[in-house]
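> What TrEMBL records for this protein is below:
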type: BINDING; residues: His28, Glu115, Asp226; note: divalent metal cation 1 binding site
type: BINDING; residues: His152, His177; note: divalent metal cation 2 binding site
Amino acid sequence: MATIRMIDIAVNFTDGMFKGVYNGKQCHLPDIAHVLARAWTAGVDRIIVTGGSLEESKEALAIAETDARLFCTVGVHPTRCNEFDESGDPEKHFEALLSLAKEGVEKGKVVAVGECGLDYDRTHFCSPEVQKKYFERQFELAHILKLPMFLHMRAAASDFCDILEQNKHRFCGGVAHSFTGTPEDRDKLLAFNDLFIGINGCSLKTSENLDALKGIPVDRMMIETDSPYCEIKNTHAGKNFIKSTWPSKKKEKYDQDSLVKGRNEPCLVRQVLEVVAGCKGVADINQLSKTLYHNTCRVFFPHDLDSAADALLSGDQNTK
């Protein structure tokens, strides 16, 4: 299975489920080590751990430091943007984010600003006005640190793209992750040259989702799990394209060698790859995985592309 190389661009390792906690109840011991072992065996060779608040970003960086193949983002999710004002000093809060991001960049671990953006499905957590204010503010992080952006857009395409347009000179590309929008939303995102679209199980639920996916060029796409959420369920429209499966057990009957039923994890990014291939009619899944891998490196790991190009040039010269 591991002949295919993949990067999972979105894993919420700070979530309690990876500590064995479900709805406040401890069901098993923390098991990130077992989750990672399955991921590496499945062909995942890098993971980006998502930060969604200042505290969560600190934890994401600490987790990323435990393995050379783990990286992370630093930023504030739209539904949590109240934390700026609730801190009592929004400017100091921003400076703390900047300081953390700088530390992570110096350690070679922070690869993007985010998760930030707009979420109008969940304005009960944070008003659109506050979301817009602090979404815009986080472009300053990207500008100062020369980082790409890890973006969240939910039911907010018009305002999201307006803010992106106004700030496109302040960031060097990025990804709109966990895409669930319409073909019109898709085309608005694709109009930004350096913006990619992230696909996970939530992007593959309905036939309408699959229709929107078909219009995303593979050279503008990345894949992710957004685990422990967004698994591909039996009811999903793309389910029939899945070829790879893993044994799973209920959390109450936890087994470290099995997946937990209902908890998504990084090894399952392989299923996302398979559904994308099936939906788009791509026969060569190896080539598809290489393209998606290259897309991800182009945005988040550009030094790797430089090294690969140097190696190719060196090889060409040696054959002359």
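All residue numbers here begin at 1 and follow the chain in the order shown.
Glycine residues also receive a Cβ, built from the backbone N, Cα and C atoms like all the rest.
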> Can you count the other CB atoms that lie within 10 A of the CB of His152 (divalent metal cation 2 binding site)?
26
> Can you tell which of the binding-site residues His28, Glu115, Asp226 lies nearest to His152 (divalent metal cation 2 binding site) in space, using Cα positions?
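If we rank His28, Glu115, Asp226 by Cα distance to His152 (divalent metal cation 2 binding site), first place goes to Glu115.
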> Please list residues from the chain of His177 (divalent metal cation 2 binding site) whose Cβ is under 8 angstroms from its Cβ, counting only those at least six apart in sequence.
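The answer is Ile9, Ala10, Glu115, Phe150, Leu151, His152, Gly198, Asn200, Met222, Glu224, Asp226.
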> For the binding-site residues listed here (Glu115, Asp226), which one has the lowest count of neighbouring CB atoms within 10 Å of its own CB?
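Per-residue Cβ counts within 10 Å for the binding-site residues Glu115, Asp226 bottom out at Asp226.
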> Counting only residues 6+ away in sequence within the same chain, which have a CB under 8 Å from the CB of His28 (divalent metal cation 1 binding site)?
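The list for His28 (divalent metal cation 1 binding site) reads Gly20, Lys251, Tyr254, Val260, given in order along the sequence.
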